[in-house]
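Novice: Sharing the feature lines straight out of TrEMBL:
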- 24-473: domain 'Major facilitator superfamily (MFS) profile' (DOMAIN)
- 20-42: transmembrane segment (TRANSMEM)
- 91-109: transmembrane segment (TRANSMEM)
- 115-135: transmembrane segment (TRANSMEM)
- 147-165: transmembrane segment (TRANSMEM)
- 177-200: transmembrane segment (TRANSMEM)
- 317-339: transmembrane segment (TRANSMEM)
- 351-370: transmembrane segment (TRANSMEM)
- 377-397: transmembrane segment (TRANSMEM)
- 417-439: transmembrane segment (TRANSMEM)
- 451-469: transmembrane segment (TRANSMEM)
Amino acid sequence: MASTKLEEAVEPRKKSNVKYASFCAILASMASIILGYDIGVMSGAALYIKKDLKITDVQLEILMGILNVYSLIGSFAAGRTSDWIGRRFTVVFAAAIFFAGALLMGFAVNYGMLMFGRFVAGVGVGYAIMIAPVYTAEISPAAARGFLTSFPEVFINIGILLGYVSNYAFARLPLHLGWRVMLGIGAVPSALLALMVFGMPESPRWLVMKGRLADARAVLEKTSETPEEAAERLADIKVAAGIPKDIDGDVVAVPKERNGETEVWKELILSPTPAIRRILLSAVGLHFFQQASGIDSVVLYSPRVFKSAGITDDNKLLGTTCAVGVTKTLFILVATFLLDRAGRRPLLLTSTGGMIVSLIGLGTGLTVVGQHPDAKIPWAVALCILSILAYVSFFSIGLGPMTSVYTSEIFPLRVRALGFAVGVACNRVTSGVISMTFLSLSKAITIGGSFFLYSGIAGLAWVFFFTYLPETRGRTLEDMGKLFGMEDTDTAGEENAAAKEKVVEMRTS
């Protein structure tokens, strides 16, 4: 009877609980703005940096892409940092680092100082892109996880759009001042983020890992749709963290393992089970193909691509680039509502298929324009513009948001932070290679040939996604391992103490 009354009392809070989880996801995901802003602002600032500092194309493409390599430091450090100080304060730390990097870039007096600012900002970006999706996945109820976990990608796109708008707004400033203002003003969203994060609760899974069951229970009750779901999520997380289900209390001792960090590396990288190996390859494959299919070449070098298509005026270049940012942002918002309705696989396959067609169209248009440098070919210019808009649209409804959503939900709790960091590392390395080779590649095989190459890579991606990635919609994080062939004793959903003892023996042996 009391249970029925409790359900009736709490039932009206279902919608408010989802709203609270959405609020938390939005705050955490705002960390992704700093990556998006850097990508967007550098696309236009590069035009003026090259003129002002008189650097070569090779120096420019290194400057554009090196941040992705620097971000590896932050990505790997974020896993350990977030396990140490918590997910929430790691977001604050990321914002503080990028704040310093943005100021260094804004006050840079030469190429060397600008590169150092890129290094500092890169570390902050690495922290942000790793921790935002992990926190969001851990705070979200299963029914809304796809929607909420896509928020980091939404804010990357909002950041890109803000960067494009910043380019357009400050392009009329004197040459030596304009690009510095474009880069330095990136410190503003970082400062706001650091302050707003204090309104977030800590991740319930991190709290359980620290034995703080009462705090975790309070967060789960605020972010779950029903009391039963909150209790079930807590029970699953406890088992995943190595706490027997019959142990309860406000603060409990969490079984400590000798060489725990070494065991995590061993479990994920050195000697993974077949199921863990498949999970890892799925994550790495997603991150690799997301970047290898050329998104940074389109977004980061869009003014250069439009210039190759025949648009020469700087204001028109930056205005057309803003149209790319608006399109990308609108379609990522559409994707957030489709992830938990259409499922991961249908969106991913549709997105990648559309990207292949768009890249072929872009390569065709640029090749025709390149073969007639002294003639205006309106249909080819229009094909280039439409292909770019179609490409970013298809990217944004599937492969863009899906990478962080899928990767953040498939790893078991013990290896989640490290697993996501490995995926992000692959993402950043691939992005860095694409960004730092695009201009040289364009000179070697023509700019149209570059996009034909990206279309071939996207074709391989489609085959990989179709044959290797299972559907994860609606599954709890603790139940995810079964999709990849884990035995019951390897998953977080173990139901008895004997199975739990077996896991402890496996972990400590």
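Quick reminder: no glycine exception, Cβ is built from N, Cα and C everywhere.
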Novice: Across the domain 'Major facilitator superfamily (MFS) profile' (24-473), what does the pLDDT come to on average, as a whole number?
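Specialist: Mean per-residue confidence for the domain 'Major facilitator superfamily (MFS) profile' (24-473): 86 out of 100.
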Novice: Which bits of the chain, at least 6 residues beyond where the transmembrane segment (20-42) starts or stops, bring a Cβ under 8 A of a Cβ in it?
Specialist: 64, 67, 87-88, 91, 94-95, 98, 121, 124-125, 127-129, 131-133, 135-136, 139-141, 144, 148-149, 151-164, 166-167, 182-183, 186, 189-190, 193, 196-197, 199-201, 222-223, 296, 299-300, 325
Novice: Near the transmembrane segment (451-469), which same-chain residues lie under 8 Å Cβ to Cβ, leaving out any that are not at least 6 residues past its ends?
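Specialist: Those are 278, 281-282, 285-286, 289, 292-294, 297, 344-345, 348-349, 352-353, 355-356, 359-360, 362-363, 366, 399, 406, 441, 445, in sequence order.
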Novice: Suppose I define contact as three or more CB-CB distances under 8 A, residues 6 or more apart in sequence; do the transmembrane segment (377-397) and the transmembrane segment (351-370) meet it?
Specialist: yes
Novice: Mind pulling out the one from 91-109, 177-200, 317-339, 351-370 with the most Cβ pairs under 8 angstroms to the transmembrane segment (147-165)?
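Specialist: The listed stretch sharing the most Cβ pairs with the transmembrane segment (147-165) is 317-339.
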Novice: Can you find at least 3 Cβ pairs under 8 Å between the transmembrane segment (177-200) and the transmembrane segment (417-439), where each pair is 6 or more residues apart in sequence?
Specialist: no
Novice: Could you tell me what the rest of the chain brings near the transmembrane segment (115-135), counting residues at least six beyond its ends with Cβ under 8 Å?
Specialist: 24, 28-32, 34-35, 38, 63, 66-79, 81-82, 87-88, 90-91, 93-106, 108, 149, 151-152, 155, 183, 186, 190, 200, 203, 404-405, 407-408, 416-417, 420-421, 424, 427-428
